[in-house]
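Trainee: According to Swiss-Prot, the protein carries these features:
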ACT_SITE  K176  active site, proton acceptor
ACT_SITE  H294  active site, proton acceptor
BINDING   N124, T174, K178, R295, H327, S379  substrate binding site
BINDING   K202, D204, E205  Mg(2+) binding site
MOD_RES   K202  N6-carboxylysine
SITE      K334  site 'Transition state stabilizer'
Amino acid sequence: MNEAVTIRGKERYKSGVMEYKKMGYWEPDYEPKDTDVIALFRVTPQDGVDPIEAAAAVAGESSTATWTVVWTDRLTAAEKYRAKCYRVDPVPNSLGQYFAYIAYDLDLFEPGSISNLTASIIGNVFGFKPLKALRLEDMRLPIAYVKTFQGPATGIVVERERMDKFGRPLLGATVKPKLGLSGRNYGRVVYEALKGGLDFTKDDENINSQPFMHWRERFQYCMEAVNKAQAQTGEIKGTYLNVTAATMEDMYERAEYAKELGSIIVMIDLVIGYTAIQSMAKWARKNDMILHLHRAGHSTYTRQRNHGVSFRVIAKWMRLAGVDHIHAGTVVGKLEGDPATTKGYYDICREDFNPMTLENGLFFDQHWASLNKLMPVASGGIHAGQMHQLLHLLGEDVVLQFGGGTIGHPMGIAAGATANRVALEAMILARNEGRDYLHEGPEILAKAAQTCTPLKAALDTWKNVTFNYESTDTPDYAPTPSVSV
């Protein structure tokens, strides 16, 4: 039902239910402004639902609309504040799925707030009944919006200066087993790994303050290990002390204590939420600390191709939010990571400008307005025998974390660390000499292993270990005509 209200002979208002595409949320002739936030959604309408109407509904429900016309729209600049879907394309090789391009006026969002942005973009709209599924694939964040954020607290350049390590990836390891060790034994793992040649060790995502090891005990033993390893090797070392806790007050307390003990880096988990992440990033900037983010929980909404949020969007949000490290995939490891898609993630973290690169899943040009660069972290099922592949695929501005590949070494933790360091140094030398290190990699490693027993043992132990599974999230970039034409 749709009833018109007439005032002085002019139709001013219609009550009732209207199609979203007739309410101003579908504007195929709209030219996005430089200051617009643009979101690309993968829309899967219910059977029988017009894709244009479904896309317009996403625009409406993620901005100003509700299920019926409301007269209070007339009290606002409704034409300005309505999100505008201006393009709908069928997704290549995915029947019944459509890419919807939606522009949002910048004034819809609070400056410098990821929580406010996400409340609209991934809010109630994801539960909308006319849709079978909905996925946020990418976003174009205008410079005017990017400039309202702090960005990474430290950044790659300053982190390298602080560590005094240049021209190669940094090496790390996650302490294993992740749960159950006493504080003393935990600290011993940290010491052995750092002494053997790693730059960092790391708490895992779910080690906080449990009955078997209080957080304060862990921090003390870990920093004792860091200081001892630094004195022994003459190198700056670090360990990611996980300050994730139940409240912000607890997190600040733990972070302050880590600083008092001399730590250069603290860690948080993605599951603490966007407001907490930004709060810790501001603390890290103020206190000259590197902030590591473990992306715990992301696969619950990033892994499936038809519903959720792409990790490329999470990476963009986290660069804005201000973390210094983020796990971004390995390609060759045990966790999800298509090579082309993963390159897109790494480019988001490390480049000043991301051009539209459809083969890497980047649908828009993205300028980062001089925000610091974010160091990607590769971890999960990697070992020394893959060093040539890791260097080729991920470059040098990355932290390579060999957890099992260090602590599972048959000769012990220090030997595992040494194997990884020698493998990396051999590959960097080959690269600097101009050799084709990708194809000569096995030969380079075998030669280095002749004078490094730990590396030989690592190569023998894991030589046949691969994780060759088909990725569930790959780019869709075949050029197609728009259904809006």
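Any Cβ shown, glycine's included, is placed from N, Cα and C.
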Trainee: Quick one: pull the CA-CA distance for K202 (Mg(2+) binding site) versus T174 (substrate binding site), whole Å only.
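Mentor: So the Cα of T174 (substrate binding site) lies 5 Å away from that of K202 (Mg(2+) binding site).
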Trainee: Per residue, counting other C-beta atoms within 10 angstroms of the C-beta, which of the recorded positions K176, R295 reaches the highest number?
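Mentor: Result of the Cβ crowding comparison: R295.
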Trainee: Given the recorded positions K176, D204, E205, state which is nearest to R295 (substrate binding site) when distance is taken between Cα atoms.
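Mentor: Result: the closest of the recorded positions to R295 (substrate binding site) is E205.
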Trainee: Provide the number of Cβ atoms within 10 Å of the Cβ of S379 (substrate binding site), excluding the reference atom itself.
Mentor: 25
Trainee: N124 (substrate binding site): which of the recorded positions K176, D204, E205, H294 is the nearest Cα neighbour?
Mentor: H294
Trainee: Please identify, among the recorded positions D204, E205, H294, the one with the smallest Cα-Cα distance to T174 (substrate binding site).
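Mentor: It is D204, whose Cα lies nearest.
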Trainee: Find the longest CA to CA distance in the recorded substrate-binding set N124, T174, K178, R295, H327, S379; express it in Å as a whole number.
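Mentor: Across N124, T174, K178, R295, H327, S379, the widest Cα separation comes out at 37 Å.
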Trainee: Checking the contact step here: among the recorded positions K176, D204, E205, H294, which have a Cα within 10 Å of the Cα of H327 (substrate binding site)?
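Mentor: Within 10 Å Cα-Cα: H294.
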Trainee: When the Cα-Cα distance from D204 (Mg(2+) binding site) is computed for each of the recorded positions K176, K178, H294, S379, which gives the smallest value?
Mentor: K178
Trainee: Output the one of K178, K202, H294, H327 that, of all these recorded positions, has the highest number of other Cβ atoms within 10 Å of its Cβ.
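Mentor: Per the Cβ count within 10 Å, the most buried is K202.
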Trainee: Sort out the sequence-distant neighbours of E205 (Mg(2+) binding site) for me: same chain, 6+ apart, CB within less than 8 Å of its CB, listed by position.
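Mentor: For E205 (Mg(2+) binding site), the qualifying residues are K178, N242, T244, D269, V271, H294, A296.
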Trainee: For a quick check of packing: other C-beta atoms within 10 Å of the C-beta of N124 (substrate binding site), how many?
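Mentor: 11, counting other Cβ atoms within 10 Å of N124 (substrate binding site).
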Trainee: Let me check the 10 A CB neighbour count of T174 (substrate binding site). How many other CB atoms are there?
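Mentor: A 10 Å sphere around the Cβ of T174 (substrate binding site) contains 24 other Cβ atoms.
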Trainee: Using Cα coordinates, what distance in whole Å links K176 (active site, proton acceptor) and S379 (substrate binding site)?
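Mentor: Just about 13 Å between their Cα atoms.
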